[in-house]
């Protein structure tokens, strides 16, 4: 297997935690809320799923519990940032710190233990194609994530739910004036984002790696938040961005395999450096951000 | 579509004016609430709450030795938080103090690493200065990205912290590794002149604590009295009013980040040239993140931050104690920190708002 | 008389200390156009919010078709058959017209598009259902709002100051639409402070003053003078005569300015030229959204021109295109922006600190430190001279009423003794007494030789104040018109672009 085949085969799996968390955050931001606690929500989801799978609860239960736990943590964010109208940046940071602390606390006795991941499912025929065939051999969670991506895209493109979320993000006062319960819908969006972050964490700890180590999320939650900006709040572009980051994180491994004389620390920081560079390039296009951005992002809603 | 029935819930009503009383009692109330919640958690975990309280909140004060450790911890927290708070009041969210702290430590270490034989009382002051410059330089990347490229300073500064950690690892595993250090990832031990002089004999508290207090007072003058500080606050409270008055947004961002980076870098330098005496992987135990909490808990006010830095330092030292004497995982400190900030954010809502309970009916007797 | 459609009894509502409505009674008959008349701050908007369920009254009853109602939300009001068109529209700019309608009305998109077109034909409300709202003119947006309301089949339609966003010519068309609606069985609550309009269209008028009902009349049986007295409780103040003078120095000159903003939702400006001389007031008329905020920011320096655009904006003879707001102020420029809270003043700061915002060069700082005593003295001066009603200089700006804050900001800027004063919407939300005080002050300053530029949506105000008027339409500015030789209808033609179209047809 050469480097390109290696990256193509592994890219989607590596992209999945980014994708799940970023899509969740996209929905939250589309509704006008900035929840910076993704890293902590992912960590909590990761440890919960790991504990359940480790004790034989199975992957399905693991994912469900992870989604629930992170959604509950995100509801705490919602109560404080939306209910008490606290500064969303500070509240998100606090949720992040709390989530990481809880994950370390719960995971203390599981440090460095491993579980079995999920089996790969191949698409007959397509997976036989040379070079790109690896793209069609993925585990069930990846396939479900791809389906969820398509679903979220369709919700924003075709349904009234998507329309309402966009309307609330653009102008909550007007949405309230025509009778939409702004806070309730924002809370629902935040909870959805929390659940997605929980799934993302679960995928990292019980499918992708699959082991538990304190700090294993390693900035992926933050990169997911950056991905929402890269993707200019659009599902398709966020998907492409997540694939890019999946590929970048594999490049480190591929480069080590080829025994290039690059310090491993440089390879480890590659995703962060790429984030900084891409963030600079995309953000510099102020028109683009303004056109696709969410007008009320981060502002508390007050009648 | 119907509005949810929230008639039983109280609503937040904006106060006519900010309540000073609520602002003053918010931090102690938050501390009390967070303490209660965390004790409940420890009980659930099967720990003896009395032992935890004793270890965490009392022991740090029971001997001069342990209290001096609190002072030692408070130093970097205080310094970083003062710098961050200035930025936060200008709504410049530098959350990458951790990275700026690390770069400060690296810059300061360059002298003893490259000139281990050098002597003279000029070394440690120069190291502190270099550290501050290093922190400011690292923060200036964020400033450039924000001002020139319009990128979120939150994400850029955080990513740079993750990069800084890798840079530190690279140095300690590669070029700066102590050749006589049994392959441990750490630099050489610094020579005597590369260490900040001690303040109290028998403790590890050094002169940098005085520097920190002086800088805290300077921060107070800057934010509460100076016109430049006023301009930063206008930019934070009402960016369009700042634009209207002609206060440059770019300059405010640069200033905020440079001050934040300078303070964090100085703290990093004081740490390696102080209690550590060498560059190590574990130079920071999350000071950069904890300082964000310290800044908020102090109400973003330079005097309040002095108090909240002490609280956070007690929590650190107490957490270490509790790990030993009450078998509490050190992660409990992080949980405490997160819940403390959340409790504070709720408490501080009452500065601007009050709760109004729903009345029984729309019609009131008149 | 037939049973009323809507009947209010003893409605009261307070916000903190402010009693917005006190014991208001109101009956709206079926098939009528009913005016709520009152000056700014009389409590009209609050009353409408109570009827529409946006807010709930502290006291009193609302009866709808004879049945007591307690509306918890606008959605409930709509289900009962009450619709409302807001003064500042509640449309979503990034969505299309039909998407905006989908948010309120059930149905398939294709059906909704057909219904939009049908309503447009029946009531003279033509608009493209697939257009993005941000690309529509203000008048078109109003049509969308009205259509959106009509699609829920309301029995009562509330219109909050609907004509304030329309040029005089379009007002007639709106009235025609309203009459057709009434004849089709819809009652209309028409909020306004414009007496002529109410006399032209309404069957009934309820007059509010300081939150109380002061009259309930047939407006066609009373002349404007009577209605005005009921509305303000005294006779209209006389405007101050402007002394004829001209030929002062050019303090502001803009020459062929083109500007394409970064913001995709903002209006690009093209070929803007104007001159303001000492001892002159130039007014810029036009419906908001035609480039006023972009032009204001370019004049104030909040938006700077790129380096290559030289010789476009001159202040006191200097090319200031690349100067920031502070540098322009140093030349003797002062500015009262249209938004007071958050731009002209920091809501969370005291008036003393808000004085500092632009008055700091008057010695309110020393060695880089704020001189609190001097700032407080300046603030007290401003409060006294400009009759700002406030508990004191330490009160937060956000706690002042709109009118009082405006008086404070106008006062602060005039106290800077500028050579060029720019005032955007000088009397928005200010009560009549204070508004006339501000206008007299501006005329007095002009007579003393200050150069003054005014942007306003109120044509009457511009006619009262200005020596010359230019009209902003779609980012272009008309030639200056001498006010005393010009009739409002002429300005109106420029406001809808009819004049330039006619000029092109002739050319």
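Using N, Cα and C of the backbone, Cβ positions are placed for all residues, glycine too.
Any TrEMBL annotation is an automated prediction that lacks curation.
Model, not experiment: these values are computed from the prediction.
Among the residue ranges B:196-222, B:223-249, the one that TrEMBL annotates as transmembrane segment is B:196-222. Contact between the transmembrane segment (B:20-44) and the transmembrane segment (B:154-176) does not hold: fewer than three of their C-beta pairs are under 8 Å, each pair 6 or more apart in sequence. Packing against the transmembrane segment (B:154-176) from elsewhere in the chain are residues 93-100, 102-103, 105-106, 109, 113, 138-139, 141-142, 145-146, 185-187, 257, 279-281, 283, 288: each is 6 or more residues past its ends and has a CB under 8 Å from a CB in it.
Against the transmembrane segment (B:196-222), stretch B:64-88 shows more Cβ pairs under 8 Å than any other of B:64-88, B:100-116, B:253-274, B:286-319. Here the transmembrane segment (B:100-116) has long-range neighbours at 76, 80, 94, 123, 126-128, 130-139, 161, 164-165, 167-168, 171, 176, 187-188, 190-191, 194, 260-261, 264-269, 271-273, 278-279, 283-284, 287-288, meaning same-chain residues at least 6 beyond its ends whose C-beta is under 8 angstroms from one of its own.
Across the candidate stretches B:64-88, B:253-274, B:286-319, the maximum count of CB pairs under 8 A to the transmembrane segment (B:122-147) is reached by B:253-274. Remote same-chain partners of the transmembrane segment (B:253-274), defined as residues 6 or more beyond its termini with a Cβ less than 8 Å from a stretch Cβ, comprise 72, 75-76, 79-80, 82-84, 86-87, 90, 92, 94, 97-98, 100-109, 124, 127-128, 130-140, 142-143, 146-147, 153, 157, 190, 194-196, 204, 206, 208, 211-212, 215, 228, 232, 283-284, 287-288, 291. Long-range Cβ contacts of the transmembrane segment (B:286-319) within its own chain (Cβ-Cβ under 8 Å, at least 6 residues beyond either end) map to 23, 26-27, 30-31, 55-57, 59-61, 66, 69-74, 76-78, 80-82, 84-85, 88-89, 95-101, 161, 213, 216-217, 219-220, 223-224, 264, 267, 271, 328, 330, 332-334, 336-337, 340-341, 344-345, 348.
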